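Trainee: The following block contains the structure, expressed as structure tokens.
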Amino acid sequence: CAASRQATCGDGCIPVSWLCDGEQQCPDGTDELCECECFSVPAVCGAKKLQCPGTHHCIPHWELCDRHQDCEDGWDEEGCPVQPCLPGQWQCRNRVCIVAEWKCNGVDDCGDSSDEDICAPCPPGMVRCDEGKCILESLMCNDEDDCLDGTDEPSTCGEWALGRGSPRPCNCLLVCCHQVCSAHVDIRSGNLYWLAFPPTPLLGPSSPHPPTLFSHLSCPRTHMPCRDGTECVAQEYVCDGEKDCVDGSDEEGCAQLCDTPGRRQSLYPCGLGVCLNASLVCSGQQDCADGSDEGGNCSLPCQRHCSQLCYPSPQGPRCWCAPGYQLAEDGMSCVDVDECTEQGKGTCSQICLNAPGTYSCSCLAGYLLEPDGHICKLGGPEPMLLVAVQSEVLSYGLRSGHEEVLLTTDKERTVFSLDYDLVERKIFWMDLATESISWQSLDSSKKGTLVKGVRSDCIAVDWLGRNLYWTDGVAGQVLATSLGAAWRGKPEYTVVLDGDLEQPHSLVLQPLAGMLYWSEVGKQPRLMEATMDGRRQRVLLAQGLGWPTALALDLPTSRLFWLDEKLSNVGSTHLDGTDVKVLQLRWVQSPFAAAVCEGQLYWSEGKAWSVQQVDKATGKNRTVLLKRHGQPHGLQVPTWGSPDSRCTLCWMLLTDSVPSGTNGCTKSNGGCAQLCLPNP
């Protein structure tokens, strides 16, 4: 039997998880004899190494799921994510899939040199970063990014120990009939899970102590572990009034926040950590479980000069405020709560109007306010999500969940980045196999090629100025061509941005304002803006970024969203670079493209082969919308309907945020004979 996964059962083998599970699988019942003395392979590995089950062989944590079998029975590669490339392909550092035989052929087939950087072996005692350079093995998991891409600090770094209160580490598999320790690695979250029986006393068939699932997970600095040790939650979710941990531990110990200046309402902290409405204190009835809301100085009259309300308490009279107000620093006066500026609350999805003691939400033209009074939904037809999956483009109904294949290319070709022209109802996409940008009409079978001889991570359609833009990360350029161009044997495009760009990656346009925004993922990652003719370049954000690989523009709120592959977070900023908000979300692993619609953020996740969504304001309520056999790439939320209604809607969306911005190419091509690039 395989020592790491099976146990002897008569003449056969059974999984170790069947041992001592209360059900007899072996004819002689030996799988349920749980009183024998346990003999295990001793733990011989240090804190930063993992013992291959049933052996004395140790491997570093970073060798888990590295697509190389390091344990003799392959245990270190079990349960790992599937390689997101097709059989016979190899994934580059920039997530492009190339033919495996092209690796180490002396030609930069990836476009980022990663297929050639890995060819020379590292010297003994050194390991290779994903980016290509070699570092000392002692620098792995030392809490410092010695690799530029951070691959020397994977999520599997950290102490590997048994659950809370356990007396010894469990980094070996116990192979007898009791104290089973069966492990499973979730490399995507960096957690190790195993099944363990309490070591003492020895368990019998009628033992009251069932097997317990322990896990050790190392939470990032921006997260806190739940008490049961099963998950991490972001710090901004702690004491926010919602239970994000299954055991509710993120909402425990919040009593110190109940009656501090700045709270929307004054709440009374019970001694056991529960917050009680002030109106229930000193009511003659015990409402706190420990009785701390009654007695003491409850009989003292309220003689303080409170601006609004006063309530008695066991500690003496206290001032408090009506809903919509909060207690000021002096502890007696009340000030209005501006619900519209409170960060992370998501008070209104679009327009928030503050008033003394209250607020109201409203929506932009084309949207309807939901019955909850907070969320704005698009009116008219159901909004659709366009997703490129391998050689297909799918539409996904954001209300019905209905899926439909809109177009299919040759199977050897890959639809990479895509965008949609809402005027002529055409889908444009980048095809890396043929190094071309192609298009197909949704109203007919017409299709064509716009330009050839280009490589790009991202394309974007200016549906108003009738141009298409794309980034070239290798050349460090942003380029453009006319939507009406046709391939006639030579390229017809212009370089819009050149010079000091360092690996431009994702790109989004704001056509009515004549502005473009892009991300750079080089040594100094940053978010940039410029006019659509390449002038007036400006840095929006240059701090707190790793690899901002996916951008999305939210026009109703005038915010730019990004997803960071290296830091596993979602961020957003106002279009002037202010009011930066960042949500640490550990499931953001390899984002390729993103889109915002109504209150949701959507993105394509390369490693998980899925399209996911979260609440754009809080990062909560994550949902996997699509998961197919194929890697998703481009993603867009187009606006359906007649051209006139679409243009009217888009104009209304942007009128408030861009009062002086216009696209000068909308009339007579701006007076240009060929390509017109707007300069507002």
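Backbone N, Cα and C define each Cβ position, glycine as well.
Predicted automatically and left uncurated, TrEMBL annotations should be read as such.
The model shown is predicted, which means the values in this text are computed figures rather than measured ones.
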Trainee: Using the record from TrEMBL, pick out the residue from C129, C134, C157, C170 that is joined to C147 by a disulfide.
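Mentor: TrEMBL says the disulfide from C147 goes to C129.
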Trainee: Name the residue from C104, C110, C122 that TrEMBL records as disulfide-bonded to C119.
Mentor: C104
Trainee: Return the single candidate from C85, C92, C134 listed in TrEMBL as disulfide-linked to C110.
Mentor: C92
Trainee: Just give the helix, strand and coil counts over the domain 'EGF-like calcium-binding' (336-377), going by DSSP.
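Mentor: Taking the domain 'EGF-like calcium-binding' (336-377) as a whole: 0 helix, 16 strand, 26 coil.
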Trainee: What is the total of other Cβ atoms whose distance to the Cβ of C92 (disulfide bond) is within 10 Å?
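Mentor: By my count, 21.
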Trainee: Please work out the helix, strand and coil residue numbers for the domain 'EGF-like' (301-335) from the DSSP assignment.
Mentor: 0 helix, 11 strand, 24 coil
Trainee: Over the repeat 'LDL-receptor class B' (514-557), what is the model's average pLDDT?
Mentor: 93
Trainee: From the disulfide-bonded residues C119, C122, C134, C239, pick the residue whose C-alpha lies nearest to the C-alpha of C147 (disulfide bond).
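Mentor: The smallest Cα gap between C147 (disulfide bond) and any of the disulfide-bonded residues is with C134.
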Trainee: With Cβ-Cβ distance below 8 Å and at least 6 positions apart along the chain, what are the contacts of C122 (disulfide bond)? List them in sequence order.
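Mentor: Non-local contacts for C122 (disulfide bond): R128, C134.
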Trainee: DSSP on the repeat 'LDL-receptor class B' (514-557): how many residues come out helix, how many strand, how many coil?
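Mentor: Output for the repeat 'LDL-receptor class B' (514-557) reads 0 helix, 23 strand, 21 coil.
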Trainee: Applying a 10 Å Cβ distance cut-off over all chains shown, what neighbour count does C147 (disulfide bond) have?
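Mentor: Around the Cβ of C147 (disulfide bond), 20 other Cβ atoms lie within 10 Å.
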